[in-house]
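Engineer: Just passing along the structure, written as structure tokens.
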Amino acid sequence: MARMNRPAPVEVTYKNMRFLITHNPTNATLNKFIEELKKYGVTTIVRVCEATYDTALVEKEGIHVLDWPFDDGAPPSNQIVDGWLSLVKIKFREEPGCCIAVHCVAGLGRAPVLVALALIEGGMKYEDAVQFIRQKRRGAFNSKQLLYLEKYRPKMRLRFKDSNGHRNNCCIQ
């Protein structure tokens, strides 16, 4: 069986947020996948596709796996968006410098959409978020996902406080 040529995992960093966008491993490639996760300091994986591997090995390495699948090519449900943004806010506040991995099948649609939502909620314009991710992950997003991101209205849930306890709401006029 021919192996699909999969893009390498890419790290997306913005403000205090670090994400790793990747494709899904199989049980056969799981050890290499875990090595990659550890290299980037991943503590949580969000799996947005159907399960293709047993999470026991990953969990044994201290990496928490969350299953939030949604249909390929489609936008995430409001419930998934709410869970994702809550996770991002809590993880980066409680574990500064940590990295959240997100994967779908190829790492080109569903996973980049969630990362783009975090960037938009962090203050980036939708066009900039798309371009920022596409610079690292060529071919990311289909037209339906782009339309979803364009229409998405941020709730500004990812405003973090600085070390003095002040909200980081900087605005350039």
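Placed from the backbone N, Cα and C atoms, the Cβ positions cover glycine too.
So Swiss-Prot has the following annotated:
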- 8-161: domain 'Tyrosine-protein phosphatase' (DOMAIN)
- C49-C104: disulfide bond (DISULFID)
- D72: active site, proton donor (ACT_SITE)
- 97-132: region 'Interaction with ATF5' (REGION)
- C104: active site, phosphocysteine intermediate (ACT_SITE)
- V105, A106, G107, L108, G109, R110: phosphate binding site (BINDING)
- R110: substrate binding site (BINDING)
- C170: S-farnesyl cysteine (LIPID)
- C170: cysteine methyl ester (MOD_RES)
Engineer: So among the disulfide-bonded residues C49, C104, who's got the most Cβ atoms within 10 Å?
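Structural biologist: Of the disulfide-bonded residues C49, C104, the highest Cβ count within 10 Å belongs to C104.
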Engineer: Who are the long-range neighbours of the region 'Interaction with ATF5' (97-132) in its own chain, taking Cβ under 8 Å and residues 6 or more past its ends?
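Structural biologist: Contacts of the region 'Interaction with ATF5' (97-132) (Cβ under 8 Å, skipping residues fewer than 6 from its ends): 4, 6-7, 9-12, 14-15, 17-24, 37, 40-49, 52, 70, 72-73, 75-76, 80-81, 84-85, 87-88, 91, 139-142, 145-146, 148-150, 152, 154-159.
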Engineer: Helix, strand or coil by DSSP: which one applies to C104 (disulfide bond)?
Structural biologist: coil
Engineer: When the region 'Interaction with ATF5' (97-132) is classified with DSSP, how many of its residues are helical, how many are strand and how many are coil?
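Structural biologist: The breakdown for the region 'Interaction with ATF5' (97-132) reads 19 helix, 5 strand, 12 coil.
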Engineer: What's the CA to CA span in angstrom from D72 (active site, proton donor) over to C49 (disulfide bond)?
Structural biologist: 8
Engineer: Cβ distance under 8 Å to G109 (phosphate binding site), same chain, sequence separation 6 or more: which residues?
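Structural biologist: Listed in sequence order: D72, G73, A140, F141, N142, Q145.
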Engineer: Give the mean pLDDT for the region 'Interaction with ATF5' (97-132) on the 0 to 100 scale.
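Structural biologist: It averages 85.
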Engineer: How long is the line from the C-alpha of C49 (disulfide bond) to the C-alpha of R110 (phosphate binding site), rounded to the nearest angstrom?
Structural biologist: 8
Engineer: Give the distance between the Cα atoms of R110 (phosphate binding site) and C104 (disulfide bond), rounded to the nearest whole Å.
Structural biologist: 6
